[in-house]
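All remarks here apply to the structure that follows.
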Amino acid sequence: MNNIHFYKYQGTGNDFIIMDNRNGEYDWLTEEQVNELCDRRFGIGADGLMLLNKSEDYDFAMKYYNADGREGTMCGNGGRCLVAFAHKMGVGDGNFYFIAVDGEHAATIDGDSWVNLKMKDVDTVEHGPLYYYLNTGSPHFVKYVEDVQAVDVFNEGRGIRYNDRFAAEGTNVNFVQKFEDGIFVRTYERGVEDETYSCGTGVTAAALTFAGKEEKTYTVPVQTLGGQLEVKFTKTGERTFENIWLCGPATLVFEGNISK
């Protein structure tokens, strides 16, 4: 049996198991073990698991696993939580540069828990009659609805995630309700295969589709089941966006030990 010292973090209800792996002590974790650790009844319970890895060129490297145990694409709320954890571990000076599966990211932290994470630029958005489809580090299908609280996110989201177009690799599915000054987003996440309280890359994707036609800098307040986030970005063309920042709280819930 191996002992694991872990930290549980959450960002607007999107929760993660985090381990300090800068010395490589958790490189032995398998897909099955990650899945067991993320199980909410038989493990610690989380939407995903992250390793804080050492990097020669950056402050740290981010390794992210979905709750199913497989390595995932970029996770926005996970990235924000890992920045907060790195700060707690004494990494960086409040300004961070790290590497993730989708490339390099900058981040800043205000106080101990408000994290601003720079996301990848978006240079294409597919716009169908009833949807948007774009990649903000992870692929996202965005559908606007009149009443987001009335949506059966699990069944409708699962139907889109596993349809003929997306079934091979899957997609995340976001249902969005517009308000005068912002949006409410609910997300079905692939890899979790259920609705999560919040999805950072999904919130980012939805906020970009909410922008008006004018090419300028936008700040979009976003409500999720787990709380409030903010997305700031500059629209540079009809379907291109730069300087995208996902901003919100990222807090330590508890830390502990478990044997595997």
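Every residue gets a Cβ built from N, Cα and C, even glycine.
Residues or ranges marked as substrate binding site by TrEMBL: ASN14, ASN66, GLY76, ASN77, ASN172, GLU189, ARG190, GLY200, THR201. Sequence-distant neighbours of GLY76 (substrate binding site) (same chain, 6+ residues apart, CB-CB distance under 8 A): LEU117, MET119, THR136, GLY137, CYS199, GLY200, THR201, GLY202, VAL203, THR204, LEU246.
With a cut-off of 8 Å between CB atoms and residues at least 6 apart in sequence, the same chain places PHE16, GLY48, MET50, TYR64, GLY137, SER138, GLY200, THR201 near CYS75 (active site, proton donor), listed in sequence order. In the three-state DSSP scheme, CYS75 (active site, proton donor) falls into the coil class. The active site, proton donor feature in TrEMBL is assigned to CYS75.
According to DSSP, CYS199 (active site, proton acceptor) is assigned to coil rather than to any helix or strand. Residues or ranges marked as active site, proton acceptor by TrEMBL: CYS199.
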Using the Cβ centroid of ASN14, ASN66, GLY76, ASN77, ASN172, GLU189, ARG190, GLY200, THR201 as the reference point for the substrate site, which residues of the same chain not in that list have Cβ within 8 Å?
-> ASP47, GLY48, CYS75, GLY78, SER138, THR187, VAL192, THR196, CYS199, GLY202
Site diameter for substrate, Å, by largest Cα distance between ASN14, ASN66, GLY76, ASN77, ASN172, GLU189, ARG190, GLY200, THR201 | 15
Within 10 Å of the Cβ of CYS199 (active site, proton acceptor), how many other Cβ atoms can you find? Include all protein chains, please.
-> 32
